[in-house]
Amino acid sequence: MAQIRIIKDRCFECMACIDNCPSKSIAFEGGKFIIKDNCNACGVCISSCSFNAIVFDEGQEIIQRKREYRGVFIYCEHENGCIKDVSLELICKGREIANQLGEELSVIVIGHKIDNIAIELTYYDVNKVIKVDNSLLETFNEYLYVDVLEQIINVFNPQIVLIGATKYGMALAPGVATRLKTGLTADCTELEIENETGLLLQTRPAFGGNLLARIICPIHRPQMATVRPGIFMPANKEFERKGFIEEVPVIINKSEKVEIVERVAKESICSSNAEIIIGIGKGIGKPENIPMVKKLANKLGAELGATRAVIDAGWMDCSYQIGQTGRVVSPKIYIALGISGAVQHTAGIISSNTIIAINRDKDAPIFKIASIGIVGDVMEILNLLLDEI
Ligand SMILES: Cc1cc2nc3c(=O)[nH]c(=O)nc-3n(C[C@H](O)[C@H](O)[C@H](O)COP(=O)(O)OP(=O)(O)OC[C@H]3O[C@@H](n4cnc5c(N)ncnc54)[C@H](O)[C@@H]3O)c2cc1C
Ligand code: SF4
Ligand code: SF4
């Protein structure tokens with residue numbers, strides 16, 4: 001069934017839509033437009049038409065199906081009995097979105113021996129906590145968690161599902177979206193509801209942070225997004241709140257693909273929740289200077305990160321890499337030591353509250369995004385800082 005419709009009265013037959021359709025789904029034959037069945041509702045033709053002559057064709061079937069999807073659902077991530085900050089941030093944003101839509105906000109929590117977490121979640125402004133507790137779910141296992149989340153979504157039919165863009169969220173969300181045959185916008189930095197349509201406008205950086213792409217999921221449901229940690233305010237806890245916990249029965253088959261033998265915490269890798277991160281760039285000169293940076297990190301209670309140039313040189317383990325192909329961090333303070341500020345690196349730090357950069361080149365691109373810039377030799381300044389702190 002056609003997913004778009006061309007409004008004849010507005011069309012100037014410029015053929016831009018035909019040229020731009022990535023799947024060659026539009027043809028013009030015998031003076032008529034033909035929309036082929038392989039149209040996947042990507043919306044490219046709509047953006048390419050300068051005359052607003054193309055709209056999504058919401059046939060009765062689609063309108064009816066969309067009406068059946070109600071509510072905003074948050075996937076709650078937790079570790080060692082603690083709710084992750086990103087989930088509290090999503091509850092806060094989710095509440096705002098749910099209020100705007102006039103719908104309910106629910107939180108899904110999956111794991112084992114998670115009664116306390118479920119109870120704690122009721123202290124936040126949520127309508128319902130949906131809990132799945134099973135010993136097979138004690139440790140995050142992508143295959144089992146995708147199965148469980150898919151089943152929950154199929155029971156409740158939410159119209160929006162939000163998941164933290166953490167390493168677990170980024171493993172979980174694409175699997176679930178694929179199973180549900182819906183869209184997913186990864187790593188969003190802004191979420192809004194469009195007044196006229198009620199659609200979720202999902203904004204994320206694109207092209208190394210040089211552009212902000214606004215993405216919608218107009219036809220399929222639920223609308224799914226992963227959201228970058230540290231972007232939204234966390235929700236407030238109020239012990240007087242009395243929430244509702246619903247335990248949902250799901251089918252859990254032991255995963256044959258992955259068996260968790262033991263969990264070993266990796267030492268001191270850069271955490272996306274750290275408040276202060278010191279980024280090490282090639283400008284520190286040599287790996288022998290890293291212990292001095294560690295000394296500063298210890299004094300400030302900071303964690304370390306690094307550029308790809310440092311990783312490629314073999315100075316630090318790749319788990320420290322920050323940027324487009326590394327971790328995305330959003331600390332309160334990011335201190336860039338001898339970092340040039342290539343877009344591939346700044347894509348991973350752009351959401352930091354304050355960026356302090358030290359570089360001997362006054363024209364280094366890092367200074368364009370730094371709140372505080374110090375021009376000088378990084379090791380000399382490091383020595384001065386260590387003396388002062
Ligand atoms: C597809 C792709 C993906 C990439 N992904 C990433 C990524 O995820 N993360 C990432 O970081 N990079 C990534 N890169 C690499 C990126 O383009 C840069 O090459 C890299 O970030 C540069 O690292 P750097 O700033 O440490 O080194 P350099 O570019 O060598 O810069 C060193 C800086 O230190 C300054 N300096 C030198 N000596 C001193 C001194 N004594 N005192 C003070 N300042 C000094 C210099 O002025 C310079 O600005 C990617 C590249 C590609 C092509
Ligand atoms: S791009 Fe718009 S105006 Fe041009 S042919 Fe397509 S529908 Fe008509
Ligand atoms: S919505 Fe996408 S696939 Fe469908 S006709 Fe337009 S450009 Fe082609």
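Cβ coordinates come from backbone N, Cα and C, glycine included.
Automatic prediction, not curation, is the source of TrEMBL annotations.
When other Cβ atoms within 10 Å of the Cβ of VAL343 (FAD binding site) are tallied across all protein chains shown, the result is 14. In the three-state DSSP reading, VAL343 (FAD binding site) counts as helix. The feature FAD binding site is assigned by TrEMBL to 307-308, 321-325, 338-345, ASN359.
As annotated by TrEMBL, domain '4Fe-4S ferredoxin-type' applies to 2-31 (among others). Same-chain neighbours of the domain '4Fe-4S ferredoxin-type' (2-31): 37-42, 44-46, 48-57, 219, counting only residues six or more beyond its ends whose CB sits under 8 Å from a CB of the stretch.
Remote same-chain partners of the domain '4Fe-4S ferredoxin-type' (34-59), defined as residues 6 or more beyond its termini with a Cβ less than 8 Å from a stretch Cβ, comprise 1-7, 10-12, 14, 16-17, 19-28, 66, 216, 218-220. The annotation domain '4Fe-4S ferredoxin-type' is assigned in TrEMBL to 34-59 (among others).
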Next item on the list: For ligand 2, pick out the binding-site residues THR307, GLN321, THR325 that have a CB under 6 angstroms away from one of its atoms.
Entry: none
Next item on the list: Kindly state the mean pLDDT of the domain '4Fe-4S ferredoxin-type' (34-59) in the predicted structure.
Entry: 86
Check: For HIS345 (FAD binding site), which residues of its chain lie six or more apart in sequence with Cβ-Cβ distance below 8 Å?
Finding: GLY279, THR307, ARG308, ILE322, GLY323, GLN324, ILE339
Next item on the list: Return the single residue from the binding-site residues list (GLY323, GLY341) that has the minimum number of other CB atoms within 10 Å.
Entry: GLY341
Notebook entry, point to check: So of THR307, THR325, which of the binding-site residues has the fewest other Cβ atoms within 10 Å around its own Cβ?
Noted result: THR325
